[in-house]
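Visitor: If you look up Swiss-Prot, you'll see G169, D170, R171, Q172, T173, G174, K175, T176 marked as ATP binding site, on the strength of sequence analysis. As annotated by Swiss-Prot, site 'Required for activity' applies to S369, with the evidence given as sequence analysis.
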Amino acid sequence: MDIRAAEISAILKNQIKNFGQDAEVSEVGQVLSVGDGIARVYGLDNVQAGEMVEFPGGIRGMALNLESDNVGVVIFGSDRDIKEGDTVKRTGAIVEVPVGPELLGRVVDALGNPIDGKGPINSAIRSRVDVKAPGIIPRKGVHEPMSTGIKAIDALIPVGRGQRELVIGDRQTGKTAIILDTFLNQKPAHDAGGDDKMFCVYVAIGQKRSTVAQFVKVLEERGALKYSIIIAATASDPAPMQYLAPFAGCTMGEYFRDKGQHALIAYDDLSKQAVAYRQMSLLLRRPPGREAYPGDVFYLHSRLLERAAKLSDERGAGSLTALPVIETQGNDVSAFIPTNVISITDGQIFLETDLFYQGIRPAVNVGLSVSRVGSAAQIKAMKQVAGSIKGELAQYREMAAFAQFGSDLDAATQRLLNRGARLTELLKQPQFSPLKVEEQVVVIFAGVNGYLDKLAVSDVGRFEHGVLSYLRTEGKDILDAIRTEKAISDDVKGKLKAALDTFAKSFA
């Protein structure tokens, strides 16, 4: 065997010369106690609030309570695999999630990990989950419509791009259905490929997995998943994941807002996020306040919803519109969380169980629902026709309450009640059938101009269906004119009246 001393010594000299002296310092701590999704950790002296830490086995956590002798960490995963004495490492990074167009069409958890079995997400950009909302100067007033495709909302409670509109109601009143229809209504804009298309983000908090799966299935079947991102922190996920999911979703939506594009985010629902946050806070021994929620539960929701904004032209004029959902108990909107969120948002859509069971669907209580942005978020054509419907419905509700007692009503009151009943019928709409704005304008125009007054209430839906079919074939120029001009000129008004007269004669 030939031993070459010179060669061996050269290799050794080379290794000694290139020996790396830069040792890696990572700050570690030890688990003192663990339970209920909370770990108390000793050490980690320089950890930041909201920093991601790592437990053995790759389980992540977030440092929330920085106390004098220990750190309270919430665990994003099962605490079964963590035991006393385990080593905890700092990552040096505040909690981040992947963002960008690569997430479109995917279902992810609160940390941005895919849970839909379609492989990894190759997004190069990561953003912090909890960032400061834009200030006053970078913003602009809300002035562009965000069309939901639902007549009752687009006509009476218009939502603009960059607005926060609360959807509030008891369980099983159709809150998620409104969000689903709004998502589906963005499809024509995506198919047309214009700049005004909206990307949709849906955050499911504390829901059943089957419900989320059903939501995704409907989006997929109707071709709406390609422009949507679903963040799911289901009922079986730990409370910290349910707390984090809305912030993660908001960050993903902000990516589009900051690029000068438009995004719509729905939080379904924030009551469950508040419950998850209450659980975490109580386990971290933070002092409880009203209804045992922590003192900063208002700040939890306000800092989240303030991130929805319409940015100024200098910032690219992008927008993020938020549709938070709150579930009430027995129509009690004066509870703690509902009143908080009502005061943060720019209006609310009230859904009522009674209306739902009367067959008025969407079950929107038009009297209690408001949009504080109002007609600034409507096209002129819609303002022209919807202005009078609000007043007529308000008078109708007032009269209907009195009419229960009196049998002999004068002709004017009778006329008002008849018109109101038909307008209420006109605002009904089946699920998964969002209407284009110009079609809504035509239908409401027919309602407020007395074309329904002679019909039986049961025929209103059939009449609406017939009018739209007729105009899509015979009156295409009228619909096109309303869509392009965004207003009803005298010329278009004349044509529309003539078309409605012609159809009304043939309708039987």
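Cβ coordinates are placed from backbone N, Cα and C, and glycine is handled just like the others.
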Visitor: Return the residue, from the listed recorded positions Q172, T173, T176, S369, with the maximum count of other C-beta atoms within 10 angstroms of its C-beta.
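Guide: Ranked by Cβ atoms within 10 Å, first place goes to T173.
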Visitor: If I restrict to non-local contacts, at least six residues apart, and a C-beta distance under 8 angstroms, what lies near K175 (ATP binding site) in its own chain?
Guide: V167, I168, G169, D268, D269, V325, E327, L351
Visitor: What whole-number Å value do you get for the CA-CA distance of T176 (ATP binding site) and S369 (site 'Required for activity')?
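Guide: Roughly 17 Å, rounded to the nearest whole number.
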Visitor: Sequence gap of 6 or more, C-beta under 8 Å: which same-chain residues meet both conditions with respect to D170 (ATP binding site)?
Guide: E327, T328, Q329, G330, N331, L351, E352, T353
Visitor: Apart from G169, D170, R171, Q172, T173, G174, K175, T176, which residues in this chain have a Cβ no more than 8 Å from the mean position of the Cβ atoms of those residues at the ATP site?
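Guide: Going along the sequence, the neighbours come out as E327, L351, T353, F356, A363.
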Visitor: Between G169, G174, which of the binding-site residues has its C-beta surrounded by the fewest other C-beta atoms within 10 Å?
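Guide: Selected from the binding-site residues G169, G174 on minimum Cβ neighbours within 10 Å: G174.
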Visitor: How many Å lie between the Cα of S369 (site 'Required for activity') and the Cα of T173 (ATP binding site)?
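Guide: S369 (site 'Required for activity') and T173 (ATP binding site) have their Cα atoms 15 Å apart.
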Visitor: Are there residues of the same chain, six or more positions away from R171 (ATP binding site), whose CB falls under 8 angstroms from its CB, and which are they?
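Guide: The list for R171 (ATP binding site) reads E327, given in order along the sequence.
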Visitor: Please report the DSSP secondary structure of G169 (ATP binding site), reduced to three states.
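Guide: Going by the DSSP assignment, G169 (ATP binding site) falls within a strand, counted as strand.
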